[in-house]
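In Swiss-Prot this protein carries:
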ACT_SITE  Ser207  active site
ACT_SITE  His234  active site
ACT_SITE  Asp330  active site
COMPBIAS  174-189  compositional bias 'Polar residues'
DOMAIN    4-121  domain 'Response regulatory'
DOMAIN    188-388  domain 'CheB-type methylesterase'
REGION    149-190  region 'Disordered'
Amino acid sequence: MTIQVLVVDDSSFFRRRVSEIVNQDPELEVIGVAVNGKEAVKMAAELKPHVITMDIEMPVMDGITAVREIMANNPIPILMFSSLTHDGAKATLDALDAGALDFLPKRFEDIATNKDEAIRLLQQRIRELGRRRIYKPLSRAGATAVPASARAGLSSTSPTLGSSTLGRSPASGLASSASRNSPTVSTPASAIRASGKQYKALLIGTSTGGPVALQKILTQFPASYPHPILLIQHMPAAFTPAFATRLNGLCQIEVKEAENGDQLKAGCAYLAPGGMQMMVERTGSISRLKVLAGSSDMNYKPSVDITFASASKAFNADVLAVVLTGMGADGREGARMLKTSGSTIWAQDEASCVVYGMPQAVAVAGLSTHSISLDQMAEAILKESGRG
């Protein structure tokens, strides 16, 4: 079944360009265009598209207000277009709070090294959102997400997982023979027995859907959380400072954008800067972060694989690593190294993911002990960390 798309933008050029790109994909079809948020709300109710692409700054009604109204009345997956500025980052985070599921920079040259890559990325994001479940927006305090049925007839299949090296594989499918032996069925937090391990760090890696998921989890942590927390969220460099500031204002724990040389301390979360790689090194009892540009051929900056791999060397078996919602397979190879070192790996379950790519890759590879609903992830982490 074709994924039907509503394009919303006050720029006639951008409406036309996005429509052309969408219609180039045989799996996608533009069924309507709107020039402002008010039109978008009306057309969303009438046309019932599978996905909406939405600008933020528009006359009559802005994109954030439109997202709130659509998600309150006719929940539909929404992909925001944003400028890579401080104000653009804040507005995009507001849109995600309101219920939008993902975002892309409005300037295509900001998201790709060439035209073909930009086209592929936009089409891929729309396909993934059109195939997934949608959720009512979380409140700023992290209220429970409410699942809604996906469109009938839309396939949720993904490409088969292939071989990869750290941070380079975008594949996100499943191998059926492996999945039969993997913990992909959701485990309630109440059924998880604390292992009693003395962890040195909590690591959380995520991509699409991650900002809302991280907010939901971290706002439930007490200021006395006993371990440092390393957060790896696929996000442009212009966005991570605003995201760290937002989380810090909402959470009892401290949240900051990671800086080179930061000494890790309990009860503090360090967000990997966009466009950089975050690694951890340990000398005696002191653990510090290294924040570097890294190799130019890496698909992800920051990369979950890179941070996980460094933690496996620094902390051996003393890591609790969690892979949340996200497109691709980043985190799988780093999780493999952590697993080999004896660390504990968990994944978010399929039903609560915006995109079940990264957690699926880890679960299907047999690396995760449990797949856990986003609603219960904080409870499970706190229990395992000795705070439950």
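Every residue gets a Cβ built from N, Cα and C, even glycine.
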(request) Let me know how many other Cβ atoms fall within 10 Å of the Cβ of His234 (active site). (result) 22
(message) From the DSSP assignment alone, can you count helix, strand and coil residues within the domain 'Response regulatory' (4-121)?
(response) 58 helix, 25 strand, 35 coil
(request) Could you tell me which three-state DSSP class His234 (active site) falls into? (result) coil
(request) Give the sequence-ordered list of residues that share a chain with Ser207 (active site), lie 6 or more positions from it, and have CB atoms under 8 Å from its CB. (result) Gln233, His234, Thr325, Gly326, Met327, Gly328, Asp330, Val355, Gly357, Met358
(message) Validating a neighbour-count step here. Other CB atoms within 10 A of the CB of Asp330 (active site): how many?
(response) 35
(request) Give, as a single whole number between 0 and 100, the mean pLDDT over the domain 'CheB-type methylesterase' (188-388). (result) 95
